[in-house]
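Novice: Following this message is one structure expressed as structure tokens.
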């Protein structure tokens, strides 16, 4: 068996590896459209740990495992108390012995890091308070699939230095992941937000190191909406989450109306700009209906590619770990078990016949 690899952060991947995942995603998407997805994970099980619920993450991973011939087991919020009733180490070891992979949507990034530390099977990061790498893989794949300048090119032929991605709104985990994967590929990333909600310097430092390694791209954090001009992608996210409900009023005052994605803002970006949103969206809050439902929006194509991304990531990380037994070995164990059960069946029938005969004899007496 190969050394176990985990998917925790796109920073752990090289540019070449990202392209490999994209190519795999493209093949599997084409196969799904043809109704011909190969069952590469047949009879395999993915444990899905959710510390908070999610529609797209759960449905996409479950559907992906089903299409690939496997099974996804949903461990819902409150059903599995990591590190409470049982240590995280013990839980991880048990899941490693019963399942072929673990996906975790965690409240704290440390949880996923520790899962990966203890696991003997691949761990996939379904979201933490720090990042959302499965979303990032999906998003860049979608950008390159739909931008006119890139959709017909091989990934190595794309001029990433000419691509500008503008993220408007709060410094969410999606913002973090988008900043880091785009700069790793050498794109230009801009985060536009009120100063209080801007990306922290440590995120920018990582982006700058990515730019240095890629030898192209740029990163800018600003409150200046003029920087949306000439954007290829305009991206936004929710302004607050469930655990930030007490801040909702304050956040609305900070973002509305200046940082709403409106038709006027998209016009300022330019007709080439495509709109993206990781969803769920608060319509007419961070984005107007007229934008998310417009021809410039690829938000729902982006959502579909969550399934594409999960298929690609599951195959990329789980398939190399599978013990690929020959048909001869499979036939051997099938025959061995069937022979055992046939013997048990005969023994059961003999006991059943003996008991019936004994009962009939006793009744006659």
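Backbone N, Cα and C atoms are what each Cβ position is placed from, and that goes for glycine too.
Quick paste of what Swiss-Prot says about this protein:
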BINDING   54, 55, 56, 57, 58, 105, 132  carbamoyl phosphate binding site
BINDING   277, 278, 279, 280  putrescine binding site
SITE      29  site 'Important for structural integrity'
SITE      145  site 'Important for structural integrity'
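Are these features on the surface or tucked inside, and what touches them?
Specialist: Here residue 54 (carbamoyl phosphate binding site) comes close to 105, 126, 127: these same-chain residues lie at least six apart in sequence, with C-beta atoms under 8 angstroms from its C-beta.
Sequence-distant contacts of residue 280 (putrescine binding site), defined as residues of its own chain at least six apart whose C-beta falls under 8 angstroms from its C-beta, comprise 55, 238.
In the three-state DSSP classification, residue 29 (site 'Important for structural integrity') falls within a helix.
The DSSP secondary structure for residue 145 (site 'Important for structural integrity') is helix. Under 8 Å, Cβ to Cβ, and six or more positions away along its own chain, residue 145 (site 'Important for structural integrity') finds 151, 301, 305.
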Novice: Whole-number answer please: how many Å between the C-alpha atoms of residue 57 (carbamoyl phosphate binding site) and residue 279 (putrescine binding site)?
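Specialist: Checking the Cα atoms of residue 57 (carbamoyl phosphate binding site) and residue 279 (putrescine binding site) gives a distance of 11 Å.
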Novice: At the Cα level, what's the spacing in Å between residue 132 (carbamoyl phosphate binding site) and residue 277 (putrescine binding site), rounded?
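Specialist: Counting only the Cα atoms, the answer is 13 Å.
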Novice: Tally every other Cβ atom lying within 10 Å of the Cβ atom of residue 278 (putrescine binding site).
Specialist: 26
Novice: Does anything in the same chain, at least 6 positions from residue 58 (carbamoyl phosphate binding site), have a Cβ under 8 Å from its Cβ, and if so what?
Specialist: 48, 50, 74
